[in-house]
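Reading through the structure tokens given below for one structure.
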Amino acid sequence: MSSHLQREDEAHRDAPTPGPAHCCRTVQSSGSTGTRIHVYTFIQSDSEKLPLLDNEMFHSIKPGLSAYADSPEMAGHTVRMLLKVAKKTVPRLEWKRTPVVLRATAGLRLLTTDKAQALLDQVQHVFDESPFLVPDNSVSIMNGTSEGILAWVSLNFLTGHLNAQTKKTVGILDLGGGSTQITFLPKMRKTIESIPVADYVARFDIFNSTFELYTHSYLGNGLMAARLATLGALVAEGLEWRTFKSSCLPKKFRDEWSFGGLTYRVSGDPDGYSGYKLCYQEVLKVVKGIIHQPYELKDSDVFYAFSYYFDRAVDAGLIDGVQGGMLEVRDFKKKAKEVCSKMAKNPLITPFLCMDMTYITCLLKDGFGFKESTVLQLTKKVNNVEASWALGATLDHFHNLKIH
Ligand SMILES: O=c1ccn([C@@H]2O[C@H](COP(=O)(O)OP(=O)(O)O)[C@@H](O)[C@H]2O)c(=O)[nH]1
């Protein structure tokens, strides 16, 4: 993350409002499956303390910017539409002192440097023409470590753990389209000692505490990227004529499917078998030897799981789409088996549901090594605020978390 972003206290130097400062900030999160805007309003009465989050406005547009890799001006259009929403949310008098920042995640990390830069340039141009405050480094690709840490900061801020004196915190699991992140505060020394390479640990300061987190982002292990890998569709050639088959799809299913600006012909295996067991073998290839198993997960507390973990749990009928809920890892497994065995007879809510549920089960069990009894708190929103790294990025902007 940038350390030279303009701080809120600087932006407020000429602020007319006496007393507690109300500040707004817009973050655009550019993911592989969509571009979103978050406008946060904070109340900051004491610069020594964490601010209070007063309100959030959220809006999203599909597809993600990476779908415009070959027509970057369309990326500018997406961002212009989202800034229109920001203009409606932020009072006109506040525009000039409201910073606007875009952070891109896996979708742009997966593109070549030139293509990603052309998209970022378009976004920068739209920002520069906007009436908002455009800080240095306002448009960039965020690295996976920051993505994991900032999502952890968001969830722990929203659940009140960052204010508490106790060092009790919650771990997070984030499943995007292109990448997946796991971040938690280890309790055992051995967890840090047994990491494969140094970049699985990140230290950062927030107010008067230093945290040493286990965090990792797996590029290519987001749900959509995992579909591609399962189908064997990561090949560069033959997209025009090849059909990618999988026993995770209904046997008679045949269609086109697009991700990251490319379209693939996909189908079930009409002459072969389909179902959970075969599907598990297919998705295991995407996980095995790639995902590191942290030492202490076997007897860990609750993890907050959001993004596609939440969306698919809703699609499969495991939780309510508004309330969310608590599930055990074994609930995903049981449901995956059920969905896969039924797909031949009943049309699924999405033809990919068996593949997605089986992948999630495999990622949790054979990937991270969770026990079947591990509890996951599935959530879309905490206290009406979207669960994502964007809030953490905002706190970082105003309070400089110093990730090292
Ligand atoms: O502000 C956000 C950002 C992402 N998501 C969810 O994240 C998933 C997709 O992630 P994304 O496209 O950002 O993937 P990435 O490119 O970061 O891997 C979907 O479930 C979205 O609903 C969300 O709910 N709010």
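Glycine residues also receive a Cβ, built from the backbone N, Cα and C atoms like all the rest.
What TrEMBL records for this protein:
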type	residues	note
ACT_SITE	Glu147	active site, proton acceptor
BINDING	Gly177, Gly178, Ser179, Thr180, Gln181	ATP binding site
COMPBIAS	1-15	compositional bias 'Basic and acidic residues'
REGION	1-29	region 'Disordered'
Item to check | For Gly177 (ATP binding site), nearby residues of its own chain (Cβ under 8 Å, 6 or more apart in sequence) | outcome: Gly31, Ser32, Thr33, Gly64, Ala106, Gly107, Gly222, Leu223, Met224, Ala225, Phe259, Tyr308
Checklist outcome for this item: Around the Cβ of Gly178 (ATP binding site), other Cβ atoms within 10 Å, all chains included, total 28
Next on the checklist: Using only C-alpha positions, which one of Gly178, Ser179, Thr180, Gln181 is spatially nearest Glu147 (active site, proton acceptor)? These are the binding-site residues in the record.
Outcome noted: Gln181
Checklist entry - Tell me, how many other CB atoms lie within 10 A of the CB of Thr180 (ATP binding site), whichever protein chain they belong to? => result 30
Checklist outcome for this item: Taking the centre of the Cβ atoms of Gly177, Gly178, Ser179, Thr180, Gln181 as the ATP site, the remaining residues of that chain with Cβ inside 8 Å are Ser32, Thr105, Ala106, Asp174, Leu175, Gly176, Ser217, Tyr218, Leu219, Asn221, Gly222, Leu223, Ala225
Item to check | Filtered recorded positions, from Glu147, Thr180, Gln181, whose Cβ is under 6 Å from an atom of ligand 1 | outcome: none
Checklist outcome for this item: Gln181 (ATP binding site) has its Cβ surrounded, within 10 angstroms, by a count of other Cβ atoms equal to 27
Next on the checklist: So if I measure Cβ to Cβ from Ser179 (ATP binding site) and keep only same-chain residues at least 6 apart in sequence, which ones fall under 8 Å?
Outcome noted: Thr105, Ala106, Arg109, Gly144, Glu147, Ser217, Tyr218, Leu219, Gly220, Asn221, Gly222, Ala225
